[in-house]
């Protein structure tokens, strides 16, 4: 671990042990917003292949794929990716080929990740693959597993998964309990590898990044450049500060966030935001994000439960909303929501759009205008409307979502930047060039912090902005 400390010191970082948190990453100098704090290639990674979509094992692209003729599990986009993956896939391929064809469909991305973990460990031990300071199995061994906190049901699932891995590998030296413990490590430490627009493409293990602890109001952000994990500062971070990222979706009440962290990561968050639990600001925030709207449609107040249990009282205009009215709306909403498809097929999109609009109307009557459920419905509608190329309506929804994002996320959160980017592209497409320039500038100002300025994604955004500016100038001149 001395090598690791030196590696981190060279990057003005250090690891300290904190009570309740364990290993934590600290700065040894000031970092400015947008500065890269740490980057790491995955120790192992696999794409999220499904029955409807496959990805290249090397680059995660989806175009022009060919299946490995031997194992029939892995896909490649060409010989370059196949060659780069061959040392690892050669042994994996043999192992998968031994498995009955019918059982290969049970090889999920997580199972493959575990198979690759042991194959890579063996290849590094045999010196077929190099061992480096940041790419070695000892970093995986140092990860926390939380095995003592796992319930019996989850332990049984890990045991079943470990049996399948053992059946695939057939390594005499591998212990089933160790495999189960590593599955627990995956649950707490593996990261979804996302594209520049934060869409999940695969999963990977980044042991250095896993040293970074969670906060619901983090000072850094994790993004991916292809499969490289890159951690950038979101704020000005002073020397000797702890680096934190968010492990979960932070839009939600303290109770919702705590529940999510406990279920997935098995810890109770004590960050600055969570320490406000039960205080007036936290109660207001929860009521806005997950509570009901005022009975007066023109009022923007939030509702709290009436002490006499008659309903909910608006904290702005003091109007009472009856329990019966809320219950009836919630029941109607539940009935309609149960009919809504999670991922409608292309031919069902129009019907799905109408159904989600009905859900939206009921949510507008029931929830606060900044509520998370309403925001999620509008996100779905935006995506579906863009899929069927109903651009004007898509733009309207985009404009409804942006203010909610600005309310629920920090100012430099990449999701706000990406939403402005979508808005700018839609405005430009619909001939609203001046508005498009404004939206694209806002997108660039946020995304340069999370994504840097030299990535292909940001170069494309920059080019679009320049083109839109030129078009706006031309239109302005044409008016004179």
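Glycine is no exception: its Cβ is also placed from the backbone N, Cα and C atoms.
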Q: Would you mind telling me which of 18-55, 56-93 Swiss-Prot tags as zinc finger?
A: 56-93
Q. In sequence order, what residues of the same chain, 6+ apart, have a Cβ less than 8 Å from the Cβ of residue 89 (Zn(2+) 2 binding site)?
A. 57, 68, 74, 82
Q: Give the distance between the Cα atoms of residue 77 (Zn(2+) 1 binding site) and residue 71 (Zn(2+) 2 binding site), rounded to the nearest whole Å.
A: 16
Q) Which whole-number value in Å describes the distance between the Cα atoms of residue 93 (Zn(2+) 2 binding site) and residue 81 (Zn(2+) 1 binding site)? A) 15
Q: Determine, for the Zn(2+) 2 site, the additional residues of the same chain whose CB lies within 8 Å of the mean position of the CB atoms of 68, 71, 89, 93; present them in sequence order.
A: 70, 73, 74, 90, 92, 96, 97
Q) 56, 71, 77: which of these binding-site residues has the highest Cβ count within 10 Å of its own Cβ? A) 56
Q: List the residues of the same chain that sit at least 6 positions away from residue 81 (Zn(2+) 1 binding site) in sequence and have their Cβ under 8 Å from its Cβ, in sequence order, or write 'none'.
A: 56, 57, 58, 59
